[in-house]
Amino acid sequence: MQSSHLTTIVLGTSWGPAEWAAFRRGLIKILVITNLILGAYYLLWRGAVSLNWNAWLFALALFGAELYSYIGSFLFGLTVFRLRERGEPPPAPSGLRVDVFITCYNEPVELVRKTVRAAIAIRYPHQTYLLDDGNSPAMRAMAAEEGCGYITRSAVWKGFDRHAKAGNLINALEQTTGDFVLILDADQVPLPQILDRTLGYFADPLVALVQTPQYFINVPPGDPFGSQAPLFYGPIQQGKDGWNAAFFCGSNAVLRREALARTGLRFFVRDVERRIRRALREADTVIRQAERRLTKADRQRIAPALRELRRAVAQARRELDRGDTFQEVTERFQRRAEEAARMVVAADLQQIMADLAEIQAVEAAEIMRALNDEALLAELAARDRSPLAAIETVRQLIPLLVNEAMDYLPISTISVTEDMSTAMRMHATGWRSVYHDEILAHGLAPEDLRSALQQRLRWAQGTIQVMLRENPLTLPGLSLGQRLAYFDTMWSYLSGVPTIIYLISPVLYLVFGLLPVNALSDEFFWRLAPYLIINQLLFAVISWGRPTWRGQQYSLALFPLWIKAVTTAAANVWFGKKLGFIVTPKTRQAGRYFGLVRWQLMMMALLAIAIVVGLGQLALGWRSDGLPVVVNVFWAVYDLVMLSVVIDAAMYQPTEEQ
Amino acid sequence: MAPEFVKGALMEITVNPVDERTAVVQLRGRLDLLVAAEVKQRLVQAVNEGFRLLVVDMSEVSFVDSSGLGALIGGLKATRLAGGDLRLASVGAQAQAILELTTLNRVLRPYPNVAEALQANL
């Protein structure tokens, strides 16, 4: 028994696909664990004895980059540890009310028409709607010709933040009544069976989302812009699925409306509470500031009122903790604040009347508007004002705040990647998601480098926004596996700075002789080599049968984009700055986009110079450090190969231009 | 003032004025996504007609879903912005459960009956 079983494993003769899949999943688990152990074995030694303190800045920087990668491979390993291959979907129950939403903004009408026709032709009974955020008459006419529902923003959006695609979906959800919604980008042409293959999963009443891959049919051979994401729409989403953390990617997904609505309500309540707490915090700051500014003459008169006010803030916090309704908390606070104000009014009626007129509405409203803008808020709280004015401001602030905030949104608006954020919120509310790995729509990818980079920048910016606004590590309601699965995606977008360190390292050695390690000893190689080999092996097994080389090149080569994404998203979240765009370069010549990849080209030049310097000096006998030079030249060549992807991309010309 | 009827497919909405500023909104049927938009619109309209305190009588609502609750939030916002309030009365077990599930009971506190909702002082 035992030996024949072993023979089967070794020869793999009588194995079908199911056995191989199980074998692969087991192998992944073994490799993940081996990789973590070998990585720790290497990095502990690196940190303890190998750092070259003569070049300490460089040594620490490289060690930091290696730690970053190790944590990344831990998160990635964890994500794929429970890889879930779902196979055949359960049959779709009949009689569900399903809407198909096609979101468009300013795409060519004929392109959208293709999607509309295919959507109408979906076999499972449904209603099709075109969500035209561009509000264009041509699009409206096309929808009418095709017999497709047509939705534009209702009047209530006038004068308010439109929230781009999230707003477009929210608006349509308000005007439709399907229990399930299939969402399609304007250029994602669905196959007729898309609903039959996905609706079955909703038999589980807790399933909120079924996501299918995004696959692009216009990608030229070699995929110059790295548009396909076979690793993401495959092992990564399947791995996340294993942790119930597969997330919504904006298109080719079916959502349960009740899940969206319920999640929206939950987060609405959470948001109101957060606003009240922040307002109370600001109130505290304002009061303390006022206390510090009290003149001797004022002290007797006003200090008791301020003390009273501070007590009211503390009391309100206690009531929130206790779970009182927001209205009770805020109205009681208001009443206490009014009493405090009256204590002063008795003392100095005239002055407060004068102050009142000026402050009341204006200032409180100003603070309220600033609540989503940390910098402005700090400035307002620190503003010089009389103690009396402080009391009034605090008193006015809270009711304004609560009333204005009253609005629940079924789609998250905290990020430009509303899809990921909404999915994470649904997971935090207890819903389940499914990743169904079957191509059920044929999409179009950007056909020029600028749009491709812009799209990549948006995804990265949106992900960082979510990380900074609702970090999965701390968001209540998520399981540990979900936290880490979401954090994995965010962590991977922080690779910009570590990549620069990796790229610059061989240059520093070959040109300046700076070595980050004490010595390239045998021990160094014996600790590093197994780690690298297992790491690559793991990646190979995970991406088995899927082309991932382009993706690997781009995740390294786009380091300037990742850095830009992090800095702009942070500036947006913390200082209310607008998210940046890819600026069309002035140096564009004849359809070539070298300006877009100038940082990469500079880095390539540096690496090339370093190789020439290192090998040249060695050949001329100016240096005798043969082995380290060879190692670093090898490293630099690898970097060059990875970065070379941007040259192909910048020079790419579509063969048939229209 | 005579009661006014607005008939929906599955939901009957009646706005019964108590005084110039106050009305009891009687809902009959299922408060779900099919009628959410209509209910919200009717509540907002009541505020536009001058009512400041709306008490929504839920005693004859057989089922509530999240979209239905969303409609009530829409009404609440309208009353609050006008300086008033919206209160729920006679909430059934299913509605109470979903209020708690969504934690919306921190925003919309249910009152045992219409009379108490009308008189309540916070």
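From the backbone N, Cα and C atoms, a Cβ is placed for every residue, glycine too.
Automated prediction, rather than curation, is the source of TrEMBL annotations.
The Mn(2+) binding site annotation in TrEMBL covers A:K165, A:D185. Per TrEMBL, coiled coil is recorded for A:269-300. Annotation source TrEMBL lists transmembrane segment at A:26-44, A:56-81, A:491-512, A:524-544, A:556-576, A:596-622, A:629-652.
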Considering the transmembrane segment (A:26-44), which listed stretch of A:56-81, A:524-544, A:556-576, A:629-652 counts the most C-beta pairs under 8 Å: A:524-544
For the transmembrane segment (A:556-576), distant same-chain residues with Cβ under 8 A (at least six beyond the ends): 372-376, 453, 456-457, 460-465, 468-469, 493-497, 499-500, 503, 599-600, 639, 642-643, 645-646
Within-chain partners of the transmembrane segment (A:491-512) [C-beta distance under 8 Å, separation at least 6 from its ends]: 58, 61-62, 64-65, 68-69, 71-72, 75-76, 460, 463-464, 555-556, 559-563, 565-566, 603, 606-607, 609-611, 613-614, 628-629, 632-633, 635-636, 639, 643
Three-state secondary structure, A:K165 (Mn(2+) binding site) (per DSSP): helix
Cβ neighbour count (within 10 Å, all chains shown) around A:D185 (Mn(2+) binding site): 23
Where A:D185 (Mn(2+) binding site) falls in three-state DSSP terms: strand
Same-chain residues at least 6 apart in sequence whose Cβ lies under 8 Å from A:K165 (Mn(2+) binding site): A:T103, A:Y105, A:D133, A:G250, A:E418
Model confidence over the coiled coil (A:269-300) (mean pLDDT, whole number): 81
